[in-house]
Amino acid sequence: MSSADGALVLFSGGQDSTTCVAWALKRYAKVETIGFDYGQRHAVELEVRPDVLRSLRDINPEWNKKLGEDHMIDLSLISKISNTAMTQDVEITMMENGLPNTFVPGRNLLFMTVAATVAYRRGLDVLVGGMCETDFSGYPDCRDDTMKALQVALNLGMATRLKLETPLMWIDKAETWKMAQDLGGKPLVDLIRAGTHTCYLGERGALHDWGYGCGTCPACELRARGYANFAAQEK
């Protein structure tokens, strides 16, 4: 267990953030979660959040004791100041800068800043996020350098010693599935597979081996490929 007492986990209801909640529950005495409603097209992720949290409590009695308050924050202003495939009903395409139009400029910067403010009020020393720059779509606000710079800025701006943890930063999606198995065994893998949501289009009609989704958006492709590689390694 970490020497830090408490952590606040950015929890969307997806695979990565659910894995991060379990990771934090293994390390910290007190864990709270925070989610953001920013007018996302795949708002179904917000709908599954309460069920995922309840299931995490059921998987491990110790997790139930540690898991505290869930904070839901309205950041609908993001959809008002951005024009992306994450907040608008438009086709997912690549932009001239090489990024998919699912990139929401400043989103993770704003998420972390708001989360740091909540952590300050709640007396929590650690922020945990599922950012990753191995299996990812190239978003610049998911990079390790961005998170390190943001940690410095937040601590300077609030005179704190807040730590930003990104346990998935240097692992691929197959390793993320393996981390979930190591943390919570088959029950956690099954919960992530059937209970969480990642698909950018909000598709929850068909349950695939890797979970629900359209199977063609960047998020589904990463999740499906990661699960296939994970399953192959487990045989």
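For all residues, glycine too, the Cβ spot is worked out from N, Cα and C.
As recorded in Swiss-Prot, the features of this protein are as follows:
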BINDING   Phe11, Ser12, Gly13, Gly14, Gln15, Asp16, Ser17, Thr18, Thr19, Cys20, Val21  ATP binding site
BINDING   Cys199, Cys214, Cys217, Cys220  Zn(2+) binding site
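For the pair Gly13 (ATP binding site) and Cys199 (Zn(2+) binding site), the C-alpha distance works out to 11 angstrom.
For Ser17 (ATP binding site), the same-chain residues lying six or more positions away in sequence with a CB closer than 8 A to its CB are Val9, Leu10, Phe11, Gly129, Gly130. Working note on the binding-site residues Gln15, Thr19: by count of other C-beta atoms within 10 Å of each C-beta, Gln15 ranks first.
Around Val21 (ATP binding site), taking its Cβ as the centre, 25 other Cβ atoms fall within 10 Å, counting all chains. For Cys217 (Zn(2+) binding site), applying a Cβ distance below 8 Å and a minimum sequence separation of six or more within one chain yields Ile92, Thr102, Cys199, Tyr200, Leu201. Spacing of Val21 (ATP binding site) relative to Cys220 (Zn(2+) binding site) is 21 Å (Cα to Cα, whole number).
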